[in-house]
Amino acid sequence: MEAVLQTKGLLSLPNKPKPRTFYPLPQGSLRHRFSSINSLKPKQPLEGLSLSSNGYQKFQVFATKPQLVGQKNKLFPVCSAAAAAADGGEQFFVENESPKFMGIEIVTLKKIIPLGAMFFCILFNYTILRDTKDVLVVTAKGSSAEIIPFLKTWVNLPMAVGFMLLYTKLANVLSKQALFYTVILPFIAFFGAFGFVLYPLSNYFHPTALADQLLNILGPRFLGPIAILRIWSFCLFYVMAELWGSVVISVLFWGFANQITTVDEAKRFYPLFGLGANVALIFSGRTVKYFSNLRQSLGPGVDGWAVSLKAMMSIVVGMGVAICFIYWWVNHNVPLPTRRKKKKEKPNLSTMESLKILASSKYIRDLATLVVAYGISINLVEVTWKSKLKAQFPSPNEYSSFMGDFSTATGIATFTMMLLSQWIFDKYGWGAAAKITPTVLLLTGVGFFSLILFGAPLAPTLAKFGMTPLLAAVYVGAMQNIFSKSAKYSLFDPCKEMAYIPLDEDTKVKGKAAIDVVCNPLGKSGGALIQQFMILSFGSLANSTPYLGGVLLVIVLAWLAAARSLDGQFTALHREEEIEKEMERASEVKIPVVSQDESGNGSLTSDVSSLNPTGGDSAGASSGPSSPRNL
């Protein structure tokens, strides 16, 4: 080689460089200031500098950085580029890249694939537990669907609050891994013990005689509260199954996923978790139906539901062990990303402060109405539907088999709606997407309550289709739950989160905190409280059905009105945001471009006169308000 650039033995460059013209920069310009470091280097060009045909360097260039007193001379990269090659094709510098598979880095796959498997196992268990808990408490002797509102309000809610307080205390004293195992292992142990110990022995420790005495004293309108005492172990299973959804999914899984993934990975792969969740819903629904139908192959006198329960709880335990193994493997084989410690911005608002924020903003009030209305509406219809479901399928195996079909249909509908949701947002906008969920609830709710209230006149017509009014109400109620849940997951939740985006930071943070403090609990327990009042006032859930239908109609109409109002406000705020962005882009001043005149010298374009009208020196040019120094 004719010339070699010495860089501590790291790099040698080919000879015969291609010519390149360097134009002089105007004194005081932006590029001139950044190129001032070049004054430390020799003025003559270096031999052996290889350039590509478009004038860009093929290799990484090193420049000397100004040194402090006593500091060793080091070479610092100015820019990065592709590897350089000699004339003979020999490679001199190669950038190290992470190995990839199908365009995805192996390190990323080592995180995403285990997370997807963990999410599948958690939701597979959740579907089995959700369907089983309803079968246990609704079809048990001395119980009915009237137990659910009382169970959610007086047992589930206090235990959820107590668990979160305990979780907060444990988080302060345990490591993340120890906290994960401490929380999930009791769930796995309980579900295994319930299938093989608690349920088979439930007749020995359930206070059936005491419950019968209380029912005779207080009357049938207190059937729900007394049933909680009568079948307390089934109610405990119900609460643990509910907590599996809120604790293991929301707290453990998503907390772990946010811990090991970067923002770019989350944007790319988190939506796929939602699609995978519905695949788990489909498979677990088929599993529930399969084991629920085992009774047909069993001999007489065998408790088919007990056999099915043991099989399903065995699967739950197996999936739980798999979750723990995946968590252990990821922590021991996947490098975790480093993150800066950031102060939490979400304020801890009291209930009164949250109410003040809700009262001060119409936008936040409309958004809160959406959240509360959904929670109340879905509870009003769901409990009434489950009471009719028990009347149609009184056997636990028949009830569980139907719930397996229900979960499979919900998964398919949600999967389809998620694929269509992007098209709905693009073609019809936010307002139409926000109105789909209440419209679905309204139409299916009217059909459901009409079949319950006016089923007798419709009986001859339904008989032609081989259905009774009760069976038709069960199917319509199932359609209502399937379509409303799929619309909620694919449209309602994205619309709700999207509505926060155009707000200013203060309103966005405080408004979301207020809705979390007041509206989420009110939406979840509001429907249960209304049903409790109706049951205690009218004696039973069946007697209160007409009034529940009227309450549902009022709530859904208020929901649609709030969605329409919020659509106008959201569109206006979004338009203002777009106008502000256009104004910011229009007010930007372009950096002057160096052009070449006929003599081959570099000169500024005609825009320079507007930047430096006085034609002064560089100091005067740089001091103006439109100079590159102030950009």
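Each residue, glycine too, has its Cβ placed from N, Cα and C.
TrEMBL does not curate its annotations; it predicts them automatically.
As recorded in TrEMBL, the features of this protein are as follows:
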- 112-129: transmembrane segment (TRANSMEM)
- 149-167: transmembrane segment (TRANSMEM)
- 179-199: transmembrane segment (TRANSMEM)
- 231-257: transmembrane segment (TRANSMEM)
- 269-291: transmembrane segment (TRANSMEM)
- 311-330: transmembrane segment (TRANSMEM)
- 363-381: transmembrane segment (TRANSMEM)
- 401-420: transmembrane segment (TRANSMEM)
- 440-459: transmembrane segment (TRANSMEM)
- 547-566: transmembrane segment (TRANSMEM)
- 584-631: region 'Disordered' (REGION)
- 596-615: compositional bias 'Polar residues' (COMPBIAS)
- 619-631: compositional bias 'Low complexity' (COMPBIAS)
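Ranked by the number of CB pairs under 8 Å to the transmembrane segment (547-566), the listed stretches 231-257, 311-330, 363-381, 401-420 are led by 363-381. Here the transmembrane segment (179-199) has Cβ contacts under 8 Å with residues 129, 167, 170-171, 233, 237, 240, 243-244, 247-248, 251-252, 256, 306, 309-310, 312-314, 316-317, 320-321, 323-324, 327 of the same chain, all six or more residues outside its ends. Within the same chain, residues 149, 357, 434, 437-438, 441, 444-445, 448, 477, 480-481, 484-485, 488, 492, 496, 499-500, 503, 507, 511, 514-515, 518-520, 522-524, 526-528, 530-531, 548, 551-552, 555-556, 558-559, 562-563, 565-566, 569, 573 sit at least 6 positions outside the transmembrane segment (363-381) and bring their C-beta atoms closer than 8 Å to a C-beta of that stretch.
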